[in-house]
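Student: Summarising the annotation, TrEMBL assigns domain 'Tr-type G' to B:15-233. Taken from TrEMBL, the feature GTP binding site applies to B:24-31, B:104-108, B:159-162. Residues or ranges marked as ATP binding site in TrEMBL: B:GLY460, B:LEU461, B:SER462, B:GLY463, B:ALA464, B:GLY465, B:LYS466, B:SER467. Marked as active site, phosphoserine intermediate by TrEMBL: B:SER534.
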Amino acid sequence: MSAKSHLDALESESIHIFRETAAAFERPVMLYSIGKDSSVLLHLLRKAFYPARPPMPLLHVDTTWKFREMIAFRDQVAAAGDVEVLVHVNEEGVRQGISPLTHGSAVHTDVMKTAGLKQALDKYGFDAAIGGARRDEEKSRAKERVFSFRNAQHRWDPKHQRPELWRTYNTQIHKGESVRAFPLSNWTEMDVWHYIRRENIPVVPLYFAKPRPVVERDGALIMVDDERFTLREGESVQMRHVRFRTLGCYPLTGAVESHADTLDKIIEEMAASRSSERQGRVIDQDGSASMERKKQEGYF
Amino acid sequence: MAALEPTLAGAQAGTSLLRFITCGSVDDGKSTLLGRLLYDAGMVPDDQLAALARDSRKLHAEDPEALDFSLLTDGLDAERQQGITIDVAYRYFHSARRSFIVADCPGHEQYTRNMATGASNAELAVVLVDARKGLLPQTRRHTYICALMGIRQVVVAVNKMDLVDFREDIYAAITHEYRELAAQLGITSVHCLPVVAPGGDNVGRRSARLPWYQGPCLLELLEAADTEATQAREFRLPVQWVNRPDANFRGYAGTVSGGRIAVGGEVVVQPAMRRARIERIVTADGDLSEAEAGQAVTLTLDREVDVSRGDVIADAARPAPVADQFAAHVLWMGDEPLLPNRAYWLKIGTRTVNARITTIKHKVDVNTQAELAARRLDLNEVGYCNIDLDHAIAFERYVDDRTLGGFILIDRQTNATVGCGMLDFALRRAANVHWQHTDLDKDARSTSKGQRPRCLWFTGLSGAGKSTIANLVERRLHALGYHTYMLDGDNLRHGLNKDLGFTPEARVENVRRVAEVAHLMVDAGLIVLVCVISPYQSERRFARGLFGDDEFLEVFVDTTLEECERRDPKGLYRKARAGEILNFTGIDSPYEAPEAAELHLRTTGLRAEQLAEQVVEQLLGSLGLHTPH
């Protein structure tokens, strides 16, 4: 019987997927969203191709509403110099002044994230985009393939997915088509944290609890990260001891009250937790099938 | 008995992982059982539980307090509306002892391909049986597919025991029948248990309502199951990617698919059989002294040998067998049928080659396992086939090693995954038929004729004018002193192809033979004019693949169906319209127009002589010559 652990098996499987992507596609890219899953992905990217430098750039689709600490963290990653970091902003959306505060989460996500991603993929001609989605995140993701085909319009067709057997991935596409590849498909949220601890992987400090200025809005704790945030009638900014389980655009990401300021404490807190990861995300609550619709339209 | 500690904590380092599938017929209660298992294992967080209660009330107004556990696992919009699971969904949970990945496999008859997909990575299957219905055709089908895909352990959950008053005799009859079925199919390990999925009886804990059952509950059975993967015992590593950061380092990256290897170990690079020793086993965490199955590593060798993606690095003392013809089980997953002799991509391990199914020896009725004669395989059918590859590969029998014994088939036009296969053994004749070397080659033969050989491939509807134009072209070339031959589809059907009809499978074989003959004639140095309807892109692409880059010129003789019918030189369209001829191209059989023919002849309004002149110009242009006037 092998002495290898569950995490070793997940790591090997992810590296295998990275290598298939690099070998089978002409112009692969790794989508980098700065969160914990992206940190794990970047770590695996470096491991998969060692001692060579990663044979693909990172792409961050910047909605212009990310937490400032996320952007600082991204810039540190770029400064390390071993991997190119491309940043794309949907300038058309910026000109229209699209904002999650005034247009709501649906429009903002559609324009700045989904449309922005498609623009960037077309601009650079990427034929494979690696993402950090996990099947345990959400019900429609549970049926996603490891290599997920997208037509030339970047659309996902859940009824005509390619059967995926063993680890023998079908990587054949026509010009203009692309795949999304998900090396973390079989990881759970808890696996991600155990692996971050085991491998000493840096993550954005927002995952660790400390006093932060927050506003209670629609049942969520929203952090006031810059001057664009405007208070509604009856709202007030309070300092609370909070952290984030998941990171996105700051006005759309709810914090949780916590005192977990180390990895050990985070893992301990999650072990006792009784709520799921994406609960803090305003985007998922538009309707129970909303993620599936977004994915069909090209959302990651 | 281990108490269940509800917790969302992940598996700790060192715990093992079991991959299993759940399968059963529609309404057997699979989604409910799986949902209940997740719930009992404490894997359903509070917010999801609240959503579940809300959705359950919406759907079951008559019983507002009951939780519908199937809602936890039914994912996609469409299937929620239809109330069935239409695609494999993967779930993750764990107990104190083990982590689990479960593929929830659909029960609907037409989705067999999804079950095979889920089974391909699983070590165990949970088969659900409705106590009221007993074994159904789908139960046998699913068990057969489990066996076919290499699953050796089955847990039979006889569900809905509450609806048969918890009767032990009913349970005993079902399990007795199932054990007989499993034995016939070669499944050696069968565990049975009675359950009530919504109530949780024998799911996460043993049930007081079934006192006559003294065995373990489902979760306990899953914790105790064997997790050993089916993989080669000897060292094997299919090369994924060649790592060359600079001139000093050349490494071969891949995942060890079987056995183990140490630094200094002697290996052979297959299929070319070049020997070398392992110099280093490189990982980002430092070099290893040895590597074993499941590890993703990068190997360097002690000498320069040619290694590329798709090769297998294997133990030199016990290498994998190498062959290019096999007998294999094929499960067809394409909407279009599998046609013998059509070319597909075949991917096995990290290697992709061209493959043709040369013979369907029989198909297997998945409900009865009876062997039936077949000329094609339709969606969800299983056949036992001979397969011919254009390159030899290193392989293992599927029963010994899933990685080097399992393959997928990819449609060369749509790129869809249209089938999967499990290698059984190499055909002897592959090893015994050798390519006889000849001293004279194509260059020598064509030089003596003072020309360069070409294949002009005329495709188009019946009556489009292919033979008329080709005949004029040949006369003109002959007059210019070229050595030619014309292969006419109709004429060949009097001899070489007289055993073939006009079904899709016969058309594929017809075109294959014509293409092979044309290939021989080009090898002899001739300019060959082929006139066959050749209605399928796939076969024309196969034909093109036999020739060098400039040797093949596709000529699309484009005459509209209306015009062909109006001309009807052989009276065939009239007969086809009258129903006297079946499978007639353009009438009840498709014609796939070429997308990138070298020459597109739009015949309307032009005489055959003018069209022939266009062909001659194109041909001479390809030879670097001008048309003599």
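Positions of Cβ are set from backbone N, Cα and C atoms, glycine also.
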Student: Name, in the order they occur in the sequence, the residues of the same chain whose CB lies under 8 A from the CB of B:MET161 (GTP binding site) and which sit 6 or more residues away.
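Tutor: B:MET161 (GTP binding site) has long-range Cβ partners B:ALA131, B:ARG167, B:TYR171, B:PRO194, B:VAL195, B:VAL196, B:ASP201, B:ARG209, B:LEU210.
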Student: Within 8 Å of the Cβ centre of B:GLY460, B:LEU461, B:SER462, B:GLY463, B:ALA464, B:GLY465, B:LYS466, B:SER467, which other residues of the chain have their Cβ, at the recorded ATP site?
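Tutor: Other same-chain residues with Cβ inside the cutoff are B:CYS531, B:ILE533, B:VAL557, B:THR559, B:CYS564.
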Student: When the number of other CB atoms within 10 A of each residue's CB is tallied over all shown chains, which of the recorded positions B:SER462, B:SER534 has the maximum?
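Tutor: That would be B:SER534, with the highest Cβ count within 10 Å.
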Student: Within 10 Å of B:LEU461 (ATP binding site) (Cα to Cα), which of the binding-site residues B:GLY24, B:ASP27, B:LYS30, B:CYS105 do you find?
Tutor: none
Student: Tell me which of the recorded positions B:GLY460, B:GLY463, B:GLY465, B:SER467, B:SER534 ends up closest to B:ASP27 (GTP binding site) in space, Cα to Cα.
Tutor: B:SER534
Student: Could you measure between B:GLY24 (GTP binding site) and B:SER467 (ATP binding site) for me? Cα positions, answer in whole angstrom.
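Tutor: Between the Cα atoms of B:GLY24 (GTP binding site) and B:SER467 (ATP binding site), the distance comes to 57 Å.
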Student: Mind giving me a neighbour count for B:LYS30 (GTP binding site)? Other Cβ atoms within 10 Å of its Cβ, every protein chain shown.
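Tutor: Result for B:LYS30 (GTP binding site): 27 neighbouring Cβ atoms inside 10 Å.
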Student: DSSP on B:LYS30 (GTP binding site), three-state: which is it?
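Tutor: DSSP assigns B:LYS30 (GTP binding site) to helix.
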Student: Do me a favour and check the Cα-Cα span between B:GLY463 (ATP binding site) and B:CYS105 (GTP binding site); whole Å is fine.
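Tutor: Between the Cα atoms of B:GLY463 (ATP binding site) and B:CYS105 (GTP binding site), the distance comes to 50 Å.
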Student: Which Cβ among the binding-site residues (B:GLY460, B:GLY463) has the fewest C-beta neighbours inside 10 Å?
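Tutor: Result for the binding-site residues B:GLY460, B:GLY463: minimum number of other Cβ atoms within 10 Å at B:GLY463.
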Student: Compute the C-alpha separation of B:SER534 (active site, phosphoserine intermediate) from B:GLY460 (ATP binding site), stating it in Å without decimals.
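Tutor: Taking the Cα atoms only, B:SER534 (active site, phosphoserine intermediate) lies 7 Å from B:GLY460 (ATP binding site).
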